[in-house]
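Peer 1: Just passing along the structure, written as structure tokens.
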């Protein structure tokens, strides 16, 4: 029984699914997808649970969410192993994901009060009050790269605001989704407040088509995000938050410490085997001896990166990709770039047939025309050389995406220029592109999102504002508008 609907664990009636470790093939999870009838049942359960959940005092909802955080702490080692085994990422990185899930709770409580709390201002004859109300029933579509943390970034603020939810994890990470739901169950969520439906495209289409939905919160690829946007077109009454990917540029401009710049670049491009939406995909390096020295050192260090299994000792920097087909897709993308005229600096290698272990690849594309503006979700970095900083900014902005952009430079004036001209939601200076703070918004423009950033701003799309003019008494104004006559006729 792998679906959680209205407080009960039930067996899916859809397609049978088996999840294996992407590196060693170990069977980890078996279950069946939710069919359309079960998705509709989850919608009805969430709708029925909404009035009571929304009317609970905030402190009562907060207490349940904080109990969930405490359970995450208790089960940290267990959940770390589940995430690592299911995604292929090393144990050390899976542990940081669980820590981020725990920290998200307190941050979300603060964000709720800061972004969507209650405010009142006095007026001469009363008061103006701002309150926030939950939307109702929201669907959450989770990604596979951070199967615990990223859905958590939608679920926690949505529950705090008083919404009820239907969560569909990625079909590539059903085990993590199930494990997290069991912790929510232990935390004492009332039946129907949070429902779990497993499945792939058919389940997702049934969920996004539900009339019961008041909104949909999505993290994933631009292609799927655009499909959801089209599906919900003509329904402005439904909130849609799209957090999508990027073709992110990192500019290297005369670094003072080459090893530090190489470290930052590797953290930006290859952490999580390149499977972060903010990962650097395009490396813009200034021409000259310093740029040449930087690239030589980058190649030297990058070729030592050998992916390993989640529990290898010593622990590897990167593990496998989410699946063998995903690794093959990245490898074939490198082959296509090379066929277009790219010059391979470091060739990626599939380490073992039938597994997702792929070494990083670096290819120079300077001067190559009509390079596809695609997000290749893996450890593949293209290099572009430039002469002037203005040229680097134009190259950085030459994408339909707009998620993250970074600059490595000792010159603050260059960063100030980048801040003014960059078209991206995240613009970093001498920090990895993959670094993000939950105390700041997280999201992009263009094909990277629809202006609904998450993290600190997630509270904004989890509630709508209600404005009130209030007075405890009703009296006739001393001064009336022209044309109004409230005089009383004397009786005859």
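Residue numbering: from 1, along the chain as shown.
Backbone N, Cα and C atoms are what each Cβ position is placed from, and that goes for glycine too.
Computed from a predicted structure; not experimentally measured.
Per Swiss-Prot, the features are:
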type	residues	note
ACT_SITE	243	active site
ACT_SITE	277	active site
BINDING	220, 221, 222, 223, 224, 225	NAD(+) binding site
Peer 1: Fill in the CA-CA distance, residue 225 (NAD(+) binding site) to residue 243 (active site), as an integer in Å.
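Peer 2: Given the Cα positions, residue 225 (NAD(+) binding site) is 8 Å from residue 243 (active site).
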Peer 1: Can you list, in sequence order, the residues of the same chain other than 220, 221, 222, 223, 224, 225 whose CB lies within 8 Å of the CB centroid of the NAD(+) site?
Peer 2: 218, 226, 227, 244, 245
Peer 1: Name the residue among the recorded positions 222, 277 whose Cβ has the smallest number of other Cβ atoms within 10 Å.
Peer 2: 222
Peer 1: To the nearest Å, how far is the Cα of residue 277 (active site) from the Cα of residue 223 (NAD(+) binding site)?
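Peer 2: One finds 13 Å between the Cα atoms of these residues.
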Peer 1: Around residue 224 (NAD(+) binding site), how many other C-beta atoms are within 10 angstroms of its C-beta?
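Peer 2: Counting Cβ neighbours of residue 224 (NAD(+) binding site) within 10 Å gives 17.
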Peer 1: Check the DSSP secondary structure of residue 243 (active site), expressed as helix, strand or coil.
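Peer 2: It is in a strand.
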Peer 1: For residue 224 (NAD(+) binding site) and residue 243 (active site), determine the Cα separation and express it in whole Å.
Peer 2: 11
